[in-house]
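Trainee: Take this structure first; my questions come after.
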Amino acid sequence: MAEALGSSSAEMDLDRPNLEEYLPTDSIQDSPKNLHLRDLLDISPTLTEAAGAIVDDSFTRCFKSNPPEPWNWNIYLFPLWCLGVVVRYGILFPLRVAVLAIGWIVFFSAFFPVHFLLKGYPKWRRKLERKLVEMMCSVFVASWTGVVKYHGPRPSTRPHQVFVANHTSMIDFIILEQMTAFAVIMQKHPGWVGFIQKTILESVGCIWFNRTESKDRGVVGRKLREHVQGVDNNPLLIFPEGTCVNNHYTVMFKKGAFELGCAVCPIAIKYNKIFVDAFWNSKKQSFTMHLVRLMTSWAVVCDVWYLEPQYLRPGETPIEFAERVRDMISARAGLKKVPWDGYLKYFRPSPKHTERKQQIFAESILRRLERK
Amino acid sequence: MGNASSTLTQYDIEEVQEHCNYLFSQQEIVALYERFCQLDRNAKGFISADEFLSIPEFSLNPLSQRLLKMVDGLNFKDFVAFLSAFSAKASLQHKIELIFKVYDIDGKGQVTFKDLLEVLRDLTGSFMSEEQREHVLVWVLEEAGYTRNSSILLDDFVKVLSSPGLKMEVEVPVD
């Protein structure tokens, strides 16, 4: 009797592998254990994830301003540093403020007449305004002694192209603008920056958006497309990260710039922190304070690389295209990539992610319940 | 050491270390302090719920709301004490105590069916109905010798979770 059972169970064993081929793989991976109280009480994996995020997370790291190492800590270097402070704050700073003030005066006294008197000659007006803006940006760069090294072919003014760059501070725009008059897409700012946005930048072509308005995105997309088609428009400069990052990492690029059906020319910017950290931590200081900090340091040193124009490859989605360009820029500027959306600085993550985790857990419980 | 100043003295470090029963090394406490100051944006001396939620990985954790009740408003010393349960040197008992506290969020000293249901609800969301959750809980409770009306104490948690033990560790990145 036992032998008969033995042989029949052997036959059953042969059957089992076939049965598994017909079962969906998910339930095979789940070990067929019954559900116990322990499984529901043990929340340690979830707690570990939460504690891990509290201790360190890859998103906050992107916005950490790393303070420079103090080098003035001994009796020989300290007086040198003191002398440096005196020179920087007492001599350089007033000089730079003076240069900036003179620059503004010259700019405004040329800009407004050109703007109003040449209304009838739009081509000339545009040309002159562009040159004036370029000049003003050079003055700005001089006011914080910007030492900028440009690599690669200079951007040319022709339609059907956009430029994308990684974003560290609003001075990125100034550094690039002094070479070529770009049109820009910017977040609406308050205060004197907003004033400049409304008056001067209008002349080079500007598109506004408001992060807090969700309907804005559709409108902005349309404006981008219109701009790119226009022959006389300045080439458009876009910062696809959508926010300032600390120049050690890049956050995910928004796909808006990559679905316009035109060439995307990547620009990589890397600041050398040797004299100053150019990261504008907008949560910690206003733009004015940021500029003052730049103007009281010795210099702002950076490298700008104009990279080869890229096109959407057949079969590539805009998001894949954006990631590919982000790879290029991160590799060139030596930045680490992080899989987060920059807007998480301002908004909470979508509940979709939490729901996914809940779904996985709920399904595993229900599966094991069915086994009974 | 009430206010979060930007420098931590050796005395402060030792005080914090003692408070967390030496579960973190001095280097780890310095690293945690940097992190604390980074999260506490306006140097209030504690991290507010909003600031915790600005960490995307924390915000999308299913138990974030429950944990917030435990960590909201903690000063640095208590922040380190909370995290010490996740140190590799922490005892199994210590870890189980933390899990118990997460369930018994209002500190009654016992975990009721309602508490178990709340945590299960956080973990499963809309992917299980309330009846399914109650059914599952009653089933596993009865299998372990409890009823729906039992009050579960810390010792019960220890009994259930002790074998085969827990893995609940977080590494503090030290430069």
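Cβ from N, Cα, C; glycine included.
What you are looking at is a predicted structure, and each value in this text was computed from that prediction instead of being measured.
According to TrEMBL, the protein carries these features:
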| type | residues | note |
| --- | --- | --- |
| DOMAIN | B:27-62 | domain 'EF-hand' |
| DOMAIN | B:91-126 | domain 'EF-hand' |
Trainee: Can you tell me which parts of the same chain pack against the domain 'EF-hand' (B:27-62), counting only residues 6+ beyond its ends and a CB-CB cutoff under 8 A?
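Mentor: The answer is 2-6, 8, 13, 16-17, 68, 71-76, 79-80, 83, 122-123, 125, 172-175.
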Trainee: Would you mind giving the whole-number mean pLDDT across the domain 'EF-hand' (B:27-62)?
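Mentor: For the domain 'EF-hand' (B:27-62), the model's average pLDDT rounds to 90.
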Trainee: Short question: which residues 6 or more past the ends of the domain 'EF-hand' (B:91-126) have a Cβ under 8 Å from it?
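Mentor: Answer is 62-63, 65-67, 69-70, 84-85, 133-134, 136-137, 141, 148-154, 157-158, 161-162, 165-166, 168.
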